[in-house]
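What follows is one structure encoded as structure tokens, with my remarks underneath.
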Amino acid sequence: MDVTRLLLATLLVFLCFFTANSHLPPEEKLRDDRSLRSNSSVNLLDFPSVSIVALNKKSKQIGRKEAEKKRSSKKEASMKKVARPRTPLSAPCVATRNSCKPPAPACCDPCASCQCRFFRSACSCRVLSLNC
């Protein structure tokens, strides 16, 4: 019994190793820079060189000022969007996106209608026409 379990465990490990290695791409082993240059499809000299330039204090301050302006404009835009007070809903109606099973009253929004799905098990008030 223990021998069969050992064989099955070994087989399982072998299969896991085999499937992991079968999905990996084959590796190309390059021995020196000459073979790298001859085997590469992209010539490294085609790309422009990158130059790193140190920033002076003035350019750093301008960058900070621009970032602060962007932050303040975002804050002002979020403050300007104040939620308008909702009109109080009258009792004998159902709000939009709420459940409106057939014994329930009609939808409060005049453009909304009660739409049922799954054999009238899930019903909700939905606005169907945007031009209303």
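Cβ coordinates come from backbone N, Cα and C, glycine included.
Take the candidates Cys16, Cys93, Cys107; Swiss-Prot pairs Cys125 in a disulfide bond with Cys107. The disulfide bond recorded by Swiss-Prot for Cys111 reaches one of Cys16, Cys132; that cysteine is Cys132. Per Swiss-Prot, the residue from Cys108, Cys114 that shares a disulphide bond with Cys93 is Cys108. Neighbour list (Cys93 (disulfide bond), Cβ cut-off 8 Å, at least 6 residues apart, same chain): Pro105, Ala106, Cys107, Cys108. Considering only the disulfide-bonded residues Cys107, Cys108, Cys116, the Cβ with the fewest other Cβ atoms within 10 Å is that of Cys116.
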